[in-house]
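Below is one structure, written out as structure tokens; the observations come after it.
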Amino acid sequence: MENKKTIYFLCTGNSCRSQMAEAWGKQYLGDKWNVYSAGIEAHGVNPNAIKAMNEVNIDITNQTSDIIDANILNRADLVVTLCSHADSVCPSTPPHVNRVHWGFDDPAGKEWSEFQRVRDEIGERIKCFSETGE
């Protein structure tokens with residue numbers, strides 16, 4: 001089924017939030033959506049994001065930290081910004097691309113429990129989207 005839609009998760013560094021969103025997206029949306037993530041910059045995948053996702057049996061060790069790809073951005077059906085910085089500085093999207101903002105706290109540099117909380121919040125949000133389309 002190659003009539004999949006494309007969802008593109010964006011945050012500042014493509015290190016934590018968007019990496020987790022990509023993983024949850026593949027889990028909950030993978031049969032209907034091509035799921036990608038990127039950042040305004042590429043900071044590398046945060047080891048605590050890898051560890052947090054491992055706790056829920058999702059392996060993101062092979063995910064890469066990438067800057068926004070104009071080709072994916074321009075052909076995406078849905079672009080989701082995950083932080084206010086990405087929302088404000090994200091390159092403009094064409095009129096046919098639906099763009100929404102789902103804000104989540106940045107766990108980088110914070111306590112371990114923050115990674116777990118943000119991971120769970122992102123997972124719940126994407127699960128809800130998979131069930132309701134919103």
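Yeah, the Cβs are placed from backbone N, Cα and C, and that goes for glycine too.
Under the heading active site, nucleophile, Swiss-Prot lists Cys11, Cys83, Cys90. Feature annotation from Swiss-Prot assigns disulfide bond to Cys11-Cys83, Cys83-Cys90; the stated evidence is sequence analysis.
Known features from Swiss-Prot, placed on the structure.
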residue	record	Cβ neighbours (10 Å)
Cys11	active site, nucleophile	30
Cys83	active site, nucleophile	22
Cys90	active site, nucleophile	19
Separation of alpha carbons, Cys83 (active site, nucleophile) and Cys11 (active site, nucleophile) (Å): 6
Cα-to-Cα gap, Cys83 (active site, nucleophile) vs Cys90 (active site, nucleophile), nearest whole Å: 10
